[in-house]
Amino acid sequence: MNASASLAGLTVEAARRALAAQFKASDIDSPDLDARLLIGAALKLDHTGLAVQSARLITGSEANVIASFAQRRLSHEPVARILGHKEFWGLDLRLSDATLVPRPDTETIVAAALQIVRNHSVSNRPLRIADIGTGSGAILLALLSELPAATGIGTDISPAALETAGLNAQRLGLADRISFVQCDYASALSGRFDLIVSNPPYIRSADIAALDHDVRDHDPHLALDGGIDGLDAYRAITPQAAALLAPGGVLIFEVGHDQSEQVSALMHAAGLTLPYPPKADLGGIYRAVMGRKAAI
Ligand code: GLN
């Protein structure tokens, strides 16, 4: 449909419904929510604002913006990319082409880390945290937002990703406790870390072509492609991390749906102990795998 022609002159409510119907007809997963978010962004209105203004008419220029957002969504660009930001752990994160859209599943890594820190009663200590392949900074920023005395270093091979992570740190008021370094995995890090977290690329190269269009066509492949068996990044990072952990320190990986045992084995082979069971995401899939360096 030519959305700009058909939506101008409709009420906000009617435009929202027309767009949702169009998304639904094109098999978009959450048509109502997506229509509301995109029209809200085009009109610069939040949920309440949309309700308050539901009876007013869409102008021609608003219809043009909505049409361009709609076109992008219909070519399977995720809503978060169209909006340029996404909520993660209650934080509003900016995104760029160089970063993954943070997934709700990845909050499992944050929850696992906080659970360990709180069980050891060290939440108020000046913990040193590293996030390998930080992307938008999601995991590290969430942890720093919860642990007021902690400091963090995020690495990424992509300077553009680090720019986005830096922007997020500033916007969230966490820039004074975080630094970033551009390098391959953990190769430029030194010193001792209490916690090392990572959501590395873990999709098997041959599986990339079969991913959802939303992911395959819009997430950076550098952040997805884990090599032939999906485990390349874990093989590279685990020994680096084992060497960087302080005694008693913990490495926490996000893993793909069938990788928890293999990644646990890599941690064991690198000399880490496995005292914590893997933690499942909301879908019941083991998502966080943890290994600990023996305390002296
Ligand atoms: N969870 C992402 C996906 O399924 C993959 C992220 C990653 O490789 N770290 O698309």
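Cβ atoms here come from the backbone N, Cα and C positions, even for glycine.
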Would you identify which residue of ASN119, ASN199 TrEMBL lists as part of the S-adenosyl-L-methionine site it also attributes to GLY133, THR134, GLY135, SER136, GLY137, ASP156?
ASN199
Per 10 Å Cβ neighbour count, which of the binding-site residues GLY135, PRO200, PRO201 ranks highest?
GLY135
Need one number: mean pLDDT over the domain 'Release factor glutamine methyltransferase N-terminal' (15-84).
96
Tell me, by DSSP, whether ASP156 (S-adenosyl-L-methionine binding site) is helix, strand or coil?
strand
What's the CA to CA span in angstrom from ASP156 (S-adenosyl-L-methionine binding site) over to PRO200 (substrate binding site)?
10
Do you know offhand how many angstrom separate SER136 (S-adenosyl-L-methionine binding site) and TYR202 (substrate binding site) by C-alpha?
17
Helix, strand and coil residue totals from DSSP for the domain 'Release factor glutamine methyltransferase N-terminal' (15-84) stand at 50 helix, 1 strand, 19 coil
